[in-house]
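These notes concern the structure reproduced below.
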Ligand SMILES: Cc1cc2nc3c(=O)[nH]c(=O)nc-3n(C[C@H](O)[C@H](O)[C@H](O)COP(=O)(O)OP(=O)(O)OC[C@H]3O[C@@H](n4cnc5c(N)ncnc54)[C@H](O)[C@@H]3O)c2cc1C
Ligand code: FES
């Protein structure tokens, strides 16, 4: 059972991305994976963040296990507060799954439920960091 | 060229069968063995393969079919949860991973033998037993362990003959976790919601004639301690023609505590409160939670053999929050019911006496996945953490174990300079013991057969219930493949030796074109060639 979300109603204002404003449909998103590694990709507007991770083959272990059907919470992403506040309302079924997510924060959402919009240009989303035992590695990458 | 192709394929086939293939290619790679082909096993393997380009991972699974509780636990009406199978299948297809089904570790091969053959052994054998209630009457007919009841509708071979009698009106489920709610939902769902799932046909038939109208879900502790997750509770609330029948008194005073609860617990409780007040009065079926009650005795009917009810002790709660304890009072309550399902938890079993085991918690004692006092031995999933948590929990837990193994490889705690034979040695052992494995490609034949059988009924698959039949399907076709190869090889060798040259279909098409060309001037579809020599000349030109 796929929960469909209403399409974004925000106006298409790509003012934050003058460098690629010409295309209008490519949005720059930075992903930080479990081990703190950052990948920056251009995502087509209207795609979900899960689509982006799959299409760009980003190195995020176990991401999107249920393939976007709101049944797993493995597509959990942490947003910057300013971006989070502007996101579409979260439906109950998404919060149900989020409540089970590993490393839940106040600005957590499920990547399969968030559609990329041009106003998000330049945003950074993070996967919850892996266990603390990885001290050595983690310190080097602690910059968000 | 064709001969070479077939020869190469044949060689690959023979070598992979003997597992000497990988032995040749990578002499000093870290070799890891995973025991159990459920989510924990596959996720641990996935992470190891990804992080180390030289690691070889073999998964040994007791059954001929993979995926553990994703196949045998997850409810049939949760097909979206089973999408993880796609990821596991990718892992199984990984060139450095191999799956060996039909190998019961602890019986067919010992954990010690695996430790000899591999640099690291990961126990991911899940939790396969049921926690007993330990009360009189538990063995009366009509009383089932949830594990078996779930196994019956999900096609666990050992449970295929369970045949639960569903003629009674009231069913009591003991336990308030997700498994309890799954069972309640299966008992109450309209048949239409199950028909197109992978539920076993025998369960579907039995449910079609079910008389169960009322399901009581009984818990030791209070409404603030129910163990299910909100998604499952929401699903129960959304069942058509079914209403919640909660007792208002049970939830008294709860509203005031809401604001102090963590979000997940708060939302769960709010949903519960909503259920008390909601519901369609015309609904023919109902579900309900009963709190603060522990089973004391299963009551037999007049014949002394069948369960006719259950005696519950009323508990009082001590402490607060998640740590609340249920203390029985001497107040008792009898509930009439013909079906009792105890869903008070799964538990892991000791698969090999040489493995450290904590009998009290029924887990393998470990530190972050490193098994206590057993260097080179690790664990992940339910056998490590206990039988709780969703697949995502198991995933993170398995990644953690994989990280620890990788660390131990890097730090030298696992000595990779010692060459280990891996599957080669184990295959040899298994062969001498008369154990034949089911490879992943052979499981795929079972899979195809199951899908084929499901199709006429509009089901994604009809699960095979008989291990012998699974094996037959897995292997018979394998012999056929090898035979086909051999025949092809022989044909090629002989035809080459005899100087016989074949005409391929593409070559016939040249003949065809020529015939059509010649027919055209005469208004004929073709002018057939009459001379074999001429045909060959054109075909091979
Ligand atoms: C009834 C039920 C419903 C569930 N529903 C959901 C759900 O809807 N969503 C969700 O996210 N999670 C669900 N879960 C939880 C999920 O199934 C578990 O988190 C997960 O399966 C645990 O993985 P595991 O690999 O540790 O154990 P398992 O899945 O049990 O896998 C263990 C594997 O080891 C094999 N094995 C055992 N002994 C041996 C041996 N001696 N030698 C070789 N192999 C052996 C077993 O055959 C099995 O394949 C459910 C669980 C249950 C019980
Ligand atoms: S991919 Fe499973 S919930 Fe998003």
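Just so it is clear, glycine is given a Cβ too, placed from its N, Cα and C backbone atoms.
Less than 8 angstroms from the CB of residue B:61 (FAD binding site) sit B:36, B:37, B:41, B:99, B:100, B:101, B:102, B:103, each of them six or more residues away in the same chain. For B:40, B:61, B:69, B:105, B:382, B:389, B:390, B:391, the entry in TrEMBL reads FAD binding site.
The NADP(+) binding site annotation in TrEMBL covers B:176, B:177, B:178, B:179, B:220, B:221, B:232, B:389. DSSP assigns residue B:179 (NADP(+) binding site) to a helix in the three-state reduction.
According to TrEMBL, the domain 'FAD/NAD(P)-binding' annotation covers B:31-187.
Under the heading signal peptide, TrEMBL lists B:1-18.
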Per-residue pLDDT averaged over the domain 'FAD/NAD(P)-binding' (B:31-187) comes to what?
97
Using a Cβ cut-off of under 6 Å to any atom of ligand 1, determine which of the binding-site residues B:61, B:69, B:179, B:221, B:391 qualify.
B:61, B:69, B:179, B:391
Chain A neighbours, filtered from binding-site residues B:382, B:390, B:391, Cβ-Cβ distance under 8 Å:
B:390, B:391
Cα distance, residue B:177 (NADP(+) binding site) to residue B:382 (FAD binding site), nearest Å?
16
Same chain only, sequence gap of 6 or more: which residues have a CB within under 8 Å of the CB of residue B:69 (FAD binding site)?
B:38, B:39, B:126
When the Cα-Cα distance from residue B:220 (NADP(+) binding site) is computed for each of the binding-site residues B:40, B:105, B:389, B:390, B:391, which gives the smallest value?
B:389
Let's check the environment of residue B:220 (NADP(+) binding site): how many other CB atoms sit within 10 Å of its CB?
23
Sequence-distant neighbours of residue B:390 (FAD binding site) in its chain (C-beta under 8 A, six or more apart):
B:178, B:229
For the FAD site made of B:40, B:61, B:69, B:105, B:382, B:389, B:390, B:391, how many Å separate the two farthest Cα atoms?
25
